[in-house]
Structures are given as C-alpha cells and as structure tokens.
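For reference, TrEMBL has these:
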{"type": "ACT_SITE", "residues": "LYS230", "note": "active site, proton acceptor"}
{"type": "BINDING", "residues": "GLY10, SER11, GLY12, ASN13, TRP14, GLY15, PHE42, ALA176, ARG316, LYS343, GLN345", "note": "NAD(+) binding site"}
{"type": "BINDING", "residues": "LYS143, ARG316, ASN317", "note": "substrate binding site"}
{"type": "DOMAIN", "residues": "5-98", "note": "domain 'Glycerol-3-phosphate dehydrogenase NAD-dependent N-terminal'"}
{"type": "DOMAIN", "residues": "116-194", "note": "domain 'Glycerol-3-phosphate dehydrogenase NAD-dependent N-terminal'"}
{"type": "DOMAIN", "residues": "219-385", "note": "domain 'Glycerol-3-phosphate dehydrogenase NAD-dependent C-terminal'"}
Amino acid sequence: MAPHKVSIIGSGNWGSAIAKIVGHNARQHSDMFEEEVRMWVFEEQVDGKNLTDIINEKHENVKYLPGTQLPDNVVAIPDLTKACEGADLLIFVLPHQVSVLSGLSLSHNGPIADPIQTQFVGKVCGDLKGKIGANARAISLIKGLAFHDNNISLFTDEIEHSLGIPTAALSGANIADEVAQEKFCETTIGSKTIEEDGDIWFKVSLFNAPYFRVNVIADSVGVQICGALKNVIAVGAGFCDGLQYGNNTKAAVIRRGLLEMRKFGKAFFEGGVRTETFFGNDRGHDIDIYFASNSLLASLESCGVADLITTCLGGRNRKVSEKFVTAGKSIEELEEQMLNGQKLQGTTTAKEVYDFLSVRGKTEDFPLMTCVYRIIYCGDSPEMIAKDE
Ligand code: NAD
Ligand code: 13P
C-alpha cells in the first residue's frame, strides 16, 4: 500500500498542537505516511509578515501556539486546495463557528455590541468539493454541532455528505497548550465503522504518542455531542468562578451539565448515544471499543466526563466567562481582548442550542444550558447559574 498523504485543515491552537503529533508520527512511520504533512493556514499578517512564512521559517505558530516547536516536515500552505491536493487522510480542526463584533448587543451590565456569526466548515467543504479522491478518509477534531434552519447535524455527517468520504471524530480532555507541552492525556475516536477507522486512525499510529493515548469506540454521535456541549457547561462553570462560588457549586454545574449533555444526545439523535461514552462503565473492555491504549482503562472515555472537567477547570470558555461576570463587557469584546485570535465555541453553541430547543418548546427540559444562554444573550443575572427556581 502506498504511504498515506496527510493534510491538516486548520492551524489554530489545537490545530497546531495536533500538527506536532501528526508531523512527528508521519516522520517516524515512513512506511505508512508520506513525510510531508501539509497544514492549511487561514492566512493573516503577524508583525507585517505572512503567518505561513513565519511557520515555515521558524517551525512555530507564533500566533496560535507560541513556544512550541513544530516538526519541520509540517508545511504551512495558505491555499486550501493546494494544501489538500492528493491527500488521502484529511484532519479537520477548525472552530465550528466564530462570532465577531459589529453593532449592539448585551452584557449582563447592559447593551454593548452586536455579534455576527460565521460558520466556515461549510465553506471549506464547498471549496474542496470534487477535489478529494474517492478513497480518502477524514477525521473531525471540531468541537461543535452544525445547525441549519434550526435543524441539527454532526460535522462528520456534513463532511461525509459534502465530500463523499467516511469521516470519524476525535475528542477528549485535550487542552491544546498542555498537549503541546507533552503532558499526559487521553482522547477518544468515535467511528461508525470502527474496524476501518481503527485500522487507519489508530493502528497506524497517526495520533498516538506516549503522552497522547487514543481509544476508538463505536459511538461517533456521543463523542461529538460531548465535545460540543461541554463547552456550554464550561461557560456556566466560568460564571461560578466569576462569582467566587467555590468548588461545590462548580461541581453541581458539572454534574447537572453532564446529565443535560446526555439527555440532549438521547433526545435529538436517531439511534441515540451511549451512556458509557459520557460516564464510563464498569464492564472492562467494552465490545464496542475496538482499540484501546490500555484495555484496563478503556471503559472510561476521555471525551465524556474527563473533557467536561478539564474544560470547566482550565479551558478558554471558562476563562472568558469568568471575566464576563467581573468585567461587565460582552463575550465578543473579551474574546478579542483575551484570546489573541483564538475562538470561543461554548457561547455560540449555547445560542445555537437555545434556538434549536426554543422552536421545539424544549428549553425547560434543559435548564442549565438555557440559563447559560439567557445570561449571555438576554442580560439575566449570572447568579441565576446557581438558583433553582
Ligand atoms: P482557535 O480557537 O485557535 O481558532 C483560531 C483559528 O481560526 C485560527 O487558525 C484562525 O486562522 C482560524 N480562522 C479565523 N477566521 C477564519 C476563517 N474565516 N476561516 C477559516 N479559519 C479561520 O482554533 P483551535 O483551538 O485549533 O480550535 C479548532 C477546534 O478544535 C475547535 O472546534 C475547538 O473547540 C477544538 N479544540 C480546541 C482545543 C484547544 O485547547 N484549543 C482542544 C480540543 C479541541
Ligand atoms: P476550551 O475551548 O474551553 O479551551 O476547551 C478546550 C478543550 O476542548 C479541552 O479539551
């Protein structure tokens, strides 16, 4: 079999951290992969120079992952089509949606600035349509859900339908800066076809590293629901921190959030999600787990409670939401001031989920996620996060 040609679509904080692992593995396993790994970079100027040129000269993404050396076989390319030409393994790692400032909207202290939402996975897939080989496969590292006309879908399905290639999902307790520093963590790959995806994404070790341990499970839906909705709960956890409510309150938000995440998956996705994906189980090596780095640990999925905890403790959604409470500025302003171009996913997901629930008359069934939405977008008091009415 010819070596796989890998392209990474995205080059933000997580995109760059995963490029370090993938670049290293591609070089290590030259029988399996072409050495060069191309990374599509949304071009921008940094100190008067193209970010792609800086990455290719310094082997560092100075804007989105400063201080981490990327392997020099990772090549930054500003043209999406060129970056993906001839690739048979595509790694999608883009923000699911971004929200930027324009006119007027709310902080909890009153009107501030009106955000415009842009979703660019659809645009990327549109640009790649017809240009990707039939035997290619993709994996989505995106933590978010796709909403169109108040209907919901998974990004794996969006990519599959648009490009006609099978698509798995990877999600876990993976704060990018910590992964880049090679601090031990785990992750979960969710797949509808675990035999094939297991062979491609796990057995050939594109992602596995001593500090990045991968499991492959059959619940692709659950993996993606966890990745998207834990961001909304982390916004709630950030409100708790801004209010200095302490650990017990945050633990209550995490517990309630986890239940709502699972309930959402079971309610709105045909075939549902597996409880084990969210909470783990005590059956040891589950029949639906095809590959696991360590079979004794295989029954607890990183994408579930573990990712929820790490995001509620150390993620960007938590950090910016804490400041939202103390600074009296809008989320978009704080995102701009605090994240240097990195993007929040939890606040936009809170709005998307609320709109989706609202047209179905189901907001009361998801009180925590509804509360997060109301605090950000309707001016409700942040104290509402810990009040049972
Ligand atoms: P990021 O938050 O650093 O986002 C910035 C990226 O968006 C940059 O690469 C920027 O060039 C790009 N961008 C901005 N405008 C764009 C446009 N119009 N079109 C295309 N790209 C544009 O990105 P990230 O951290 O790599 O996150 C990507 C996905 O990975 C998200 O779904 C996120 O939830 C998920 N994730 C992030 C982390 C983390 O710790 N950062 C960990 C796990 C998963
Ligand atoms: P934040 O986007 O809140 O930083 O979360 C990162 C993440 O997904 C950790 O697994």
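Positions of Cβ are set from backbone N, Cα and C atoms, glycine also.
For ligand 2, the recorded positions lying close by, meaning a CB under 6 A from one of its atoms, are LYS143, ARG316, ASN317; the full candidate list was GLY10, GLY12, LYS143, LYS230, ARG316, ASN317. If you compare Cα positions, LYS143 (substrate binding site) sits closest to GLN345 out of the binding-site residues GLY10, TRP14, PHE42, ARG316, GLN345. The Cβ of GLY10 (NAD(+) binding site) lies under 8 Å from the Cβ of MET39, TRP40, PHE42, ILE91, PHE92, VAL93, LEU94, LEU141, each on the same chain and at least six residues away in sequence.
The average pLDDT for the domain 'Glycerol-3-phosphate dehydrogenase NAD-dependent N-terminal' (116-194) in the predicted structure is 93. Excluding the listed site residues LYS143, ARG316, ASN317, the same chain places ASN231, ALA234, THR311, GLY315, ARG318, LEU344, GLN345, GLY346 with Cβ atoms within 8 Å of the centre of the substrate site Cβ atoms. In terms of local Cβ density within 10 Å, LYS230 ranks first among the recorded positions LYS143, LYS230, ARG316. Listed recorded positions: LYS230, ARG316, ASN317. Those with a CB atom under 6 Å from ligand 1: none.
In this structure, LYS143 (substrate binding site) belongs to neither helix nor strand by DSSP; it is coil. The maximal spread of the NAD(+) binding site, taken as the longest Cα to Cα distance among GLY10, SER11, GLY12, ASN13, TRP14, GLY15, PHE42, ALA176, ARG316, LYS343, GLN345, is 21 Å. Between the listed binding-site residues, namely TRP14, PHE42, the fewest other CB atoms within 10 angstroms of a CB are found at PHE42.
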